[in-house]
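Record features (TrEMBL):
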- 44-87: DNA-binding region (DNA_BIND)
- 316-330: compositional bias 'Polar residues' (COMPBIAS)
- 42-86: domain 'Homeobox' (DOMAIN)
- 89-290: domain 'TLC' (DOMAIN)
- 297-342: region 'Disordered' (REGION)
- 98-118: transmembrane segment (TRANSMEM)
- 138-157: transmembrane segment (TRANSMEM)
- 164-183: transmembrane segment (TRANSMEM)
- 222-241: transmembrane segment (TRANSMEM)
- 261-282: transmembrane segment (TRANSMEM)
Amino acid sequence: IGVLLLICPFLCHSFRFIAKPCAINLGIQDSGPHRAQPNAILEKVFTSITKSPDGKRLEGLSKQLDWDVRKIQRWFRHRRNQDKPTTLTKFCESMWRFTFYLSIFFYGIRFLWTAPWFWDTRQCWYNYPFQPLTSRLYYYYILELAFYWSLMFSQFTDIKRKDFLIMFVHHLATIGLITFSYMNNMVRVGTLVLCLHDASDFLLEAAKLANYAKYQRLCDAFFMLFGVVFIVTRLGIYPFWILNTTLFESWELIGPYPSWWLFNGLLVTLQILHIIWSYLIIRTAYKALVRGKVSKDDRSDVESSSEEEDVTSNSTKGVFSTSSNGSNRINGHVASGQWTEE
């Protein structure tokens, strides 16, 4: 099991040798955001004190460097963006996740299609806990567990986003469910939960890939399809199919037991997270319908450059504005799809 837990991070790293040529062929360059002007004083403040100085500190730095406050704010914004992954790196990571989610979803569907509990959830509890663990079911479980452990660890090395806490709780609940259901031989209902969650995840990754490649219509189409599948599976099928069998059918067939409360508590926790994410998806879709395009998402890791200065040429009197529209194009096609910037 320990060896299998190392497979997913290793594959993620090696998969870049496949994803990188694909990204380059799509015109995605390995170039990061605008780099901050070298400055020893500001660099020391950034690395040792704060990455987002308050007004009082900005005033002090302004007097010390003889820079205006706005210029110092821009420097810190550029410096924060400088440490963030390039579009090419994000493309490679999303392509790896897309490949995994798509492969494991079709593997799960193919496996469950012939499983009796896929068509009758009461079969999850007949003869429990004396149910055989086949090799196909075992490896399905271990691969899923390895993948979510890799997501758990990578979350601390990736850029910290606004939904960090929600995703942390999600990964904890998912790993807890997989481990707990395996230890208690609840693998039948566990496979249903895993397959149901994989049904929409690969669509989101496909939307991200289209966004990074700047195929905006395809990106919007994938996102809308993802939203529909997510809401149908997480707010419809999950509570009325999964929770129904774990809460009511199991109670009826095998009765309550100590682990029943913990198992269902984790499943209900997932349902609460589903409701929160569904709200965010619906809000993003609503903005897309109102504005005619997918708007910026709260999870974005690229900071807005709307405060960027206008660069004016005195000789031509031309203004190259980096206002919201321009900056959105620079920062990864933000206006038309920054919701996918993970």
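Backbone N, Cα and C atoms are what each Cβ position is placed from, and that goes for glycine too.
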Three or more CB pairs closer than 8 Å, sequence separation of 6 or more: does that hold for the transmembrane segment (261-282) against the transmembrane segment (98-118)? no
In this predicted model, the DNA-binding region (44-87) has a mean pLDDT of 80
